[in-house]
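A short worksheet on the structure shown next.
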Ligand SMILES: NC(=O)C1=CN([C@@H]2O[C@H](COP(=O)(O)OP(=O)(O)OC[C@H]3O[C@@H](n4cnc5c(N)ncnc54)[C@H](O)[C@@H]3O)[C@@H](O)[C@H]2O)C=CC1
Ligand SMILES: O=C(O)C1=N[C@H](C(=O)O)C[C@H](O)C1
């Protein structure tokens with residue numbers, strides 16, 4: 001499969017290694033200094049760029065009939081627009097706030113726990129995410145997906161960074177050098193606490209998931225998620 005990498009930073013480089021090991025070809029590395037893109041030999045685009053760049057990259061690929069796997073976070077105000085452009089072009093698109101198998105299992109666990117906690121009003125939920133100091137967005141895309149999973153199953157109506165009202169989920173974002181990504185969901189009552197934690201030890205899981213998603217999407221049309229790729233409930 002011929003892959004174009006949009007964003008050749010920490011994730012772009014990790015994806016390149018994994019894609020080459022799985023016998024794919026990297027036919028384009030698009031970054032800030034790229035002036036022209038030849039779309040003719042690209043089978044699939046994988047975007048791990050920047051919040052301010054992702055939507056334009058996705059749009060450009062869709063208009064050139066290239067399926068897109070997007071892992072960039074912090075651009076979701078434009079998500080519905082991206083879905084619309086995908087539909088108009090009969091394209092194929094996956095955005096995931098986190099492509100790792102472990103986090104996608106963690107999303108399922110989070111929903112299951114939230115469903116159980118929904119009626120237990122003595123417990124208050126909170127969340128913490130920790131990432132490296134170069135991260136541009138806060139809270140992380142993964143934390144937002146976790147919060148959305150809780151909101152779906154409980155009476156919480158929204159999430160807020162730091163200070164939250166009674167019906168909102170407070171999210172704390174910490175930035176510590178060299179931390180690939182740690183997410184903790186906590187439920188606390190007067191008498192006890194329950195915590196679930198996912199810790200990424202490195203970036204390989206994210207990168208492998210993105211390449212697997214790119215392999216999966218070839219030949220398909222539509223807007224999908226990692227649930228479809230991993231065949232989760
Ligand atoms: N969904 C997931 O599983 C994961 C998502 N991420 C997200 O992926 C994104 C990238 O992460 P990193 O690689 O760690 O960041 P990074 O800063 O190391 O790399 C980003 C690269 O994008 C480039 N870039 C800037 N503007 C661009 C444009 N218009 N077109 C193409 N490239 C452009 C930058 O020059 C840089 O080389 C972030 O939004 C991060 O939150 C990171 C890890 C996992
Ligand atoms: O910026 C990162 O590094 C990461 N970003 C994603 C997010 O915002 O959730 C995924 C992962 O946690 C690493």
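FYI, residue positions are counted from 1 along the chain as it appears here.
Cβ atoms are placed via backbone N, Cα and C, with glycine included.
Just so you know, TrEMBL annotations are computer predictions that nobody has curated.
Among the features that TrEMBL reports, domain 'Dihydrodipicolinate reductase N-terminal' is placed at 1-99.
Non-local neighbourhood of residue 29 (NADP(+) binding site): 4, 5, 8, 12, 16, each in the same chain, at least six residues away, with C-beta under 8 Å from its C-beta. According to TrEMBL, the NADP(+) binding site annotation covers 29.
Within the same chain, residues at least six positions away from residue 71 (NAD(+) binding site) with a Cβ under 8 Å of its Cβ are 11, 46, 47, 48, 95, 96, 98, 99, 206, 210. Residue 71 (NAD(+) binding site) falls outside any helix or strand according to DSSP and counts as coil. As annotated by TrEMBL, NAD(+) binding site applies to 71, 72, 73, 96, 97, 98, 99.
Per TrEMBL, the feature domain 'Dihydrodipicolinate reductase C-terminal' maps to 102-230. Break the domain 'Dihydrodipicolinate reductase C-terminal' (102-230) down by DSSP state and the numbers are 48 helix, 37 strand, 44 coil.
As annotated by TrEMBL, active site, proton donor/acceptor applies to 131.
Proximity of residue 142 ((S)-2,3,4,5-tetrahydrodipicolinate binding site) to non-local residues of its own chain (separation of 6 or more, Cβ distance below 8 Å) is seen for 73, 97, 98, 103, 129, 181, 183, given in sequence order. Summarising the annotation, TrEMBL assigns (S)-2,3,4,5-tetrahydrodipicolinate binding site to 132, 141, 142.
The Cβ of residue 135 (active site, proton donor) has 16 other Cβ atoms within 10 Å, all protein chains considered. Residues or ranges marked as active site, proton donor by TrEMBL: 135.
Ligand 2 lies within reach of 73, 97, 135, 141 from the recorded positions 71, 73, 97, 99, 135, 141, judged by a C-beta closer than 6 angstroms to any of its atoms. Checked against ligand 1, the recorded positions 29, 73, 98, 131 give 73, 98 in sequence order as having a Cβ less than 6 Å away from one of its atoms. Counting Cβ atoms from all protein chains shown, residue 132 ((S)-2,3,4,5-tetrahydrodipicolinate binding site) has 14 others lying within 10 Å of its own Cβ. Overall, the recorded NAD(+)-binding residues 71, 72, 73, 96, 97, 98, 99 cover a maximum inter-Cα distance of 12 Å. For residue 131 (active site, proton donor/acceptor), the number of other Cβ atoms no farther than 10 Å from its own Cβ, over all displayed protein chains, is 24.
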